[in-house]
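Here's the structure we're looking at; comments come further down.
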Amino acid sequence: MEAVCNLAGTCRIAAASDRVLNTECAYTFHTPLRGGIYVSCVDFIGVHRPKVPGLYVKITQTSKRKDLEQNKNAKATKLAINVEGGFDTERYEIVSQYAVAVIDEDCNFAAELPFNDETKNTFPPRVVQSVESILHHTTLTTQQEVTQWELEAEPIPVSKYAADLPFVHNGITISPHPSDWKCQKDGSTANLWLNLSDGYIGGGRKNWDGSGGSNGALDHYEETGRKYPLVVKLGTISQESADCYSYAPDEDGPVKVPNLAELLSKRGIQVGTLQKTVKSTAEMEVELNATYAFDAITEEGAHLQPVALPGLQNLGNSCYLNSVVQMLFSIPELAHRYGPTAHDALCHGVAPKDAVSNVLVQTTRLASALTGETFTKPLEVDAEDPRYRLAPRLFKHCIGKEHVDFSTGQQQDAAHFLQYYLELLDRTELSHTATTSKTLQPCASHLFAFATEQRRVCTADQTIKYSTSVAPETVLTLRIPMENAVVREDEEASITETPKSPDMKRMKKDGDDEEPIPSISMSAIVASWAAESIVSDLRWKHLGDQVHAAHETVRLENFPRYLLIQLQRYTLGPDWQPIKLKVKVENADSILDLTPYRAKGAQPGETLVPDEPEEGNAADASVSIDEGALSQLMDMGFSMNSCKRALHAVGGSDVEAAMGWVFEHNNDPDFNDPLPEDATNTGGVGVDDAVVESLVTSLGCFTTDQVRAALNECGGAADRAADWLFSHMDDLDSAIKGLKNAQSVDAPKLPLEDGEGKYKLRGMISHIGKHTGSGHYVAHLLRDEKWIIFNDEKVAESAEPPFPHAYLYLYQRVDTIDKPHSGY
């Protein structure tokens, strides 16, 4: 107790505004349930192994599974987690124990005294206040995210067909007895829908798992010339509500029918006398989720064999992040650079209070957990045992805190996040190596980096112009040429759609299972990208600014070690709403040979366009790309580069105008090329001198150069730049030096990696949903020649990998297999 008393004066009392991390270690995924953590009474950050002398609160916990028999009859009534009426995920009872620990100057444990109601009066009052402020404080991770998640149901609109709905006076009346109701197509007695125009009773559509009705109601709508679009579900009708649906193509969903009682009375149904006797569509949707344990595994409910590999907890719409990091850290080079062998070096010298917001620390923290053995859950352990749950909360907050979309709890585009994360890693690594190493090391993105060659042949004089993409790209975005897709003879007439996730509508679109799905091979998609195209209205300076068309082809300058291919599975419909393309990609898991598409440069005998400086080649640096608008466009399925080009062309923020630009230019050869400014302005945006001067004056303790460098790093945002400056005050000169080296246009660059052009599939991310900003993401990765599905926390051997349906494919160059890059 003497040691505790001696340190009592150093203790701080955590205020509501203080950051307190009392549920997990800042450097590892150790928790009170897994080895315990020590929370400093000075900076309030928890660690598994204290490395700074002082007073700490030791928090340990034990867990015991609850007896759920008493709750088994409490059914969920809404798609929500841990809220009244939702799914209860708290299935374990947690018991906590506390102690006050003293860490001496040699970072050894000098004392550890139990802290509880019986012993706390023996501690100095200051220590008691400090400890209790830590234990009762809202933890940092809770402050950073919304802990409860609930599916936001789309508001049900009033059908525009209701007021003037045709009514057929055919004398049909509906019996008040449910036992008399039958589908007029097949005689079934469940899931029946009444047509409000002609009184026809037909079965409903099928759910994604094969359950549902006979499709009789929809078939009748089609057979009667689509004149009678509104139906109501028998058994759901009461004074309070009823399930109504519109089959009209421009509504095609649940609707409200204000005059429902009037329409039903014409069929002998008096709404005031009815009670609901069957489940509503929403209740069936919740039940379907509960039946599948809130886990929409995309492999048609197959019984999958679990494997001892770490999964990641879904924080609420974080499956996009989970899928991306599982795929990235399955790559040997990245696993080695950020995994267990690199953990101590990357964390060295980073104080606990800084670790929670340090990109490299949080990256190695997550990578070490995913690629090491420390946090692997034994197969015999319950899947929901809280001791083995990995929740990437700190990682998500650290990586996304400065991004308008990734800082939210909403679903995001996985491809967009992957590109953003690689760019963030690059900037951070350049800054880090500038202060720690004299050797030029390849950035993470170097593994995926490639350049493209553009070849244009002038139709007027056949002269040829070659140009290379201004900056390396990391994702090859390919349009799916639906005009070349064909329906195979063996394609079944009824296609069962892939199961959908809990955060989206569970019901199939009416008629989906009636349409055979066309197919196209991956090689045909690549060939379409490389095919010659016509570019109109080009101005040729060597011809006196005459306007002529050109024949254009695009080729790859190099074959990267890993090739990321994003398929544009989403396009915009006539109403500018995203539409998912129904198409299967064949042979995606076969060897992909890109050898024919290698750039060759100018060939003997070709006449080249004279080299002349082109006006307007560089993008206008004064145009700032709005991040929110960029994300909205990327949600439509277009690449980051094309969306940047579209927004740049219309001033930076007008989404509607940018979509119009996309429609006009999506066949342009440079549609997916980076803007020239992306290659030259590594800092991202031009810095406003007025903002620099204002910050220098208001902050009062930083130089103009320091403020300018911070603004460059933070995209021109003054508040974030100020935070950055204050968080790096301990070693500001080194941090600024690192930024300047990273932002320097003349910084040395490694040549792009190259090799043979044959690739083997080693991973993919599949998306289920209407567009990339909603739905659910699942990763499939090749491990020891076995395909493993990573569906958040559920990790198992894949029974049937969805090769034809993936959104993002990861290929590895064949000549690099089992030959990891030595630079990582």
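Note that the numbers count up from 1, one per residue, in the order the chain is shown.
Positions of Cβ are set from backbone N, Cα and C atoms, glycine also.
Because the structure is a prediction, the values reported are computed rather than measured.
Over in TrEMBL, the protein carries these features:
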type	residues	note
DOMAIN	157-271	domain 'UBP-type'
BINDING	Cys183	Zn(2+) binding site
DOMAIN	310-814	domain 'USP'
ACT_SITE	Cys319	active site, nucleophile
REGION	489-517	region 'Disordered'
COMPBIAS	500-511	compositional bias 'Basic and acidic residues'
DOMAIN	624-665	domain 'UBA'
ACT_SITE	His776	active site, proton acceptor
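His776 (active site, proton acceptor) sits 6 Å from Cys319 (active site, nucleophile), taking the C-alpha atoms as the reference points.
Secondary structure at His776 (active site, proton acceptor), taken from DSSP and collapsed to helix, strand or coil, is strand. DSSP assigns Cys183 (Zn(2+) binding site) to coil, not to a helix or a strand. In the three-state DSSP classification, Cys319 (active site, nucleophile) falls within a helix. The helix, strand and coil residue counts that DSSP assigns across the domain 'UBA' (624-665) are 29 helix, 0 strand, 13 coil.
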